[in-house]
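Peer 1: First the structure, then my questions, so here it is.
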Amino acid sequence: MVVAIDGPAASGKGTLSQRIADAFGFAHLDTGVLYRAVGVSVLRAGGDPADNTAAARAAYELHPEHPILQEVALRTDEAAQAASKVAAVPEVRAALLDFQRRFATHPPGGAPGAVLDGRDIGTVVCPDAQAKLFVTASVEVRAERRLKELQRRGIPAISSDVLEDMKARDARDSQRAVAPLRPAVDAFVLDTSALDADQVFSMAVAHIGSKTGLKPAA
Ligand SMILES: Nc1ncnc2c1ncn2[C@@H]1O[C@H](COP(=O)(O)OP(=O)(O)OP(=O)(O)O)[C@@H](O)[C@H]1O
Ligand SMILES: Nc1ccn([C@@H]2O[C@H](COP(=O)(O)O)[C@@H](O)[C@H]2O)c(=O)n1
């Protein structure tokens with residue numbers, strides 16, 4: 001059983017995916033972490049994330065037990081911007097495909113299903129997923145959510161910079177030639193601009209139930 005959850009930055013797809021995974025006893029893979037790890041690896045090697053050769057090399061070196069995948073450094077805006085540059089390189093996407101598909105078909109810990117969140121899960125990575133959601137919100141709402149998150153974590157940030165960075169990342173992610181950010185034709189599009197996380201969770205559970213017949217445990 002695979003649940004695919006896609007959407008732009010700070011739309012709430014990671015929060016939703018973890019809750020869905022917990023509720024159904026599924027394993028969760030935040031695929032953005034893989035692209036962030038590749039971007040950070042390139043930066044650390046002194047390279048340019050937009051350089052195809054450097055990005056592809058870093059992607060082929062990544063494996064599920066690589067320690068970089070656990071680093072908090074992946075959560076920075078610098079890592080996010082580098083991720084969206086390496087993500088436009090076709091060889092990088094190809095190198096990360098097996099990793100993601102293997103997680104979907106063989107969820108760790110013998111879990112009965114997997115939730116993958118990203119940009120192209122429903123369109124490219126798992127086109128046969130039993131349930132697909134595309135979680136979105138206006139760019140202003142998403143920037144506000146990210147700003148509050150940064151403030152909560154004690155990271156100084158300027159509202160206008162967060163908004164501009166998000167617009168730049170949205171543009172790169174949706175305009176790239178390979179696997180651009182867009183809803184799968186059979187995805188349930190959930191605009192969360194005016195919904196809190198509990199409302200989003202309830203709507204997602206109802207959609208997954210309608211597609212699979214599954215109900216969350218307890
Ligand atoms: N429905 C919601 N209403 C308000 N805030 C939300 C909602 N969903 C998530 N959030 C908050 O918004 C922020 C971004 O959420 P989250 O990290 O889940 O987004 P994301 O789409 O996974 O982002 P990214 O792609 O950058 O990893 C978090 O601080 C989260 O707590
Ligand atoms: N399936 C995916 C997942 C992510 N990306 C790229 O990585 C960047 C960071 O992702 P977050 O989910 O952690 O924000 C994102 O901006 C994309 O460029 C991707 O291409 N495909």
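Glycine residues also receive a Cβ, built from the backbone N, Cα and C atoms like all the rest.
Annotations per TrEMBL:
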type: DOMAIN; residues: 3-207; note: domain 'Cytidylate kinase'
type: BINDING; residues: Gly7, Pro8, Ala9, Ala10, Ser11, Gly12, Lys13, Gly14, Thr15; note: ATP binding site
Peer 1: Please state whether DSSP places Ala9 (ATP binding site) in a helix, a strand or coil.
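Peer 2: It is coil.
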Peer 1: If you run the three-state DSSP split on Thr15 (ATP binding site), which class comes out?
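Peer 2: Assignment for Thr15 (ATP binding site) reads helix.
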Peer 1: Can you tell me which of Gly7, Ala9, Ser11, Lys13, Thr15, our binding-site residues, come within under 6 Å of ligand 2 at the Cβ?
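Peer 2: From Gly7, Ala9, Ser11, Lys13, Thr15, counting a Cβ under 6 Å from ligand 2 as near, the near ones are Ala9.
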Peer 1: Comparing the binding-site residues Ser11, Thr15, which residue's C-beta has the most other C-beta atoms within 10 angstroms in this structure?
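Peer 2: Counting Cβ neighbours within 10 Å, the top one is Ser11.
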Peer 1: What same-chain residues, at least 6 away in sequence, bring their CB to under 8 Å of the CB of Lys13 (ATP binding site)?
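Peer 2: Spatial neighbours, sequence-distant, of Lys13 (ATP binding site): Ile5, Asp6, Gly7, Asp117, Leu133, Val135.
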Peer 1: When neighbour density is defined as the number of other C-beta atoms within 10 angstroms of a residue's C-beta, which of the binding-site residues Gly7, Ala9 has the lowest density?
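Peer 2: Sparsest of the binding-site residues Gly7, Ala9 by Cβ contacts within 10 Å: Ala9.
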Peer 1: For the ATP site given as Gly7, Pro8, Ala9, Ala10, Ser11, Gly12, Lys13, Gly14, Thr15, which other residues of the same chain have their Cβ within 8 Å of the site's Cβ centre?
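Peer 2: Neighbours within 8 Å of the Cβ centroid, excluding Gly7, Pro8, Ala9, Ala10, Ser11, Gly12, Lys13, Gly14, Thr15: Leu16, Asp117, Val135, Ala137, Arg142.
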